[in-house]
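What follows is one structure encoded as structure tokens, with my remarks underneath.
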């Protein structure tokens, strides 16, 4: 295309030098927790024969996606806290854009698949083993990866077709779709409408499936005993918490046609750093089977 920009300057979360040093220590700690916590879940599920149900199969892939997802943005952000000029090449910027939407889209689809798994386990227990076979679970995971790839490819191709001739300063800590659209030297209204429509369609359709799944689960629990209701709600509670933490910020940022970048980069910390860091804690602290498997592993 007609782009003359060879690199972008990321302004980061803050330009305060003293605050940047504090952020370096804090986010390095957060990223270490993300990698260590999620990697521990992957190793635990993969090595334990007792965690062979579809729920843990999906959880293993969700933890792997979380590691990849945060690794697209966090290392660059952490390194930038120590340098004066926070630059990223044009190719690196586009690769980061692709990675964020690829792993983010995959996580959305995986969370939706996990909601269906809980619906099948609670509402159709007699058919659960035939509905959620290993082959079906594998196809669902592959479908989630393919869905994330298609979504990311469309977003990336639409962005790379735009000319960038300056300015090249991005008011964010990573390359995302809205900051890049604001820097393009062309009318981006049509592209902004398309990317917003795609993001809204994926996010809202998955959110509707999630809401319907849990609505059906709640209705079906009326006929259960108090002990049965407690166990079902206990199992679903962790997943609902993760869905709220991830879908809330994503919906806020990606289904709006216009964007306040200073506001967006603060919200983006939640779904790129905070949620991947909390996922291992949410899924393990309240789960006796996972904690038992971890003790056995050690």
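Every residue gets a Cβ built from N, Cα and C, even glycine.
Sequence annotations record features per position, and here TrEMBL assigns domain 'G-protein coupled receptors family 1 profile' to 37-283.
Residues or ranges marked as transmembrane segment in TrEMBL: 19-43 (among others). Same-chain residues lying 6 or more positions outside the transmembrane segment (19-43) and placing a CB less than 8 Å from one of its CB atoms are 12-13, 59-60, 63-64, 66-67, 70-71, 74-75, 77-78, 81-82, 273-274, 276-277, 279-281, 283-284, 290, 294, 297.
Feature annotation from TrEMBL assigns transmembrane segment to 55-74 (among others).
Within the chain carrying the transmembrane segment (94-116), a Cβ under 8 angstroms from the stretch's Cβ atoms is held by residues 55, 58-59, 61-62, 65-66, 68-69, 72-73, 76, 88, 140-141, 143-145, 147-149, 151-153, 155-156, 159-160, 174-177, 180, 202-203, 206, 209-210, 213-214, 239, 242-243, 246-247, 250, 271-272, all 6 or more beyond its ends. Here TrEMBL flags 94-116 (among others) as transmembrane segment.
Taken from TrEMBL, the feature transmembrane segment covers 136-154 (among others). Sequence-remote contacts of a segment are chain residues at least 6 beyond its ends whose Cβ falls under 8 Å from one of its Cβ atoms, and for the transmembrane segment (136-154) they are 54, 57-58, 61, 98-110, 113, 116-117, 198, 202.
Residues 105, 108-109, 111-112, 115-116, 118-119, 122-123, 147, 151, 154-155, 158-159, 161-162, 177-178, 181, 228-229, 232-233, 236, 240, 243, 247, 250-251, 254-257 of the same chain lie 6+ residues outside the transmembrane segment (189-221) yet bring a C-beta within less than 8 angstroms of a C-beta in it. The annotation transmembrane segment is assigned in TrEMBL to 189-221 (among others).
Residues 55, 104, 107-108, 111, 114-115, 118, 121-122, 177-178, 196, 199-200, 203-204, 206-207, 210, 214, 217, 221, 264, 267-268, 270-271, 274-275, 278-279, 282-283, 286-287 of the same chain lie 6 or more positions beyond the ends of the transmembrane segment (233-255) yet place their CB under 8 Å from a CB of it. Per TrEMBL, transmembrane segment is recorded for 233-255 (among others).
Among the features that TrEMBL reports, transmembrane segment is placed at 267-285 (among others). Panel annotation: around the transmembrane segment (267-285), residues 13, 27, 30-31, 33-34, 37-38, 40-41, 59, 62-63, 66-67, 69-70, 73-74, 100, 104, 172-174, 176, 238, 241-242, 245-246, 248-250, 252-253, 291, 294 of the same chain, lying at least six beyond its termini, place a Cβ under 8 Å from a Cβ of the stretch.
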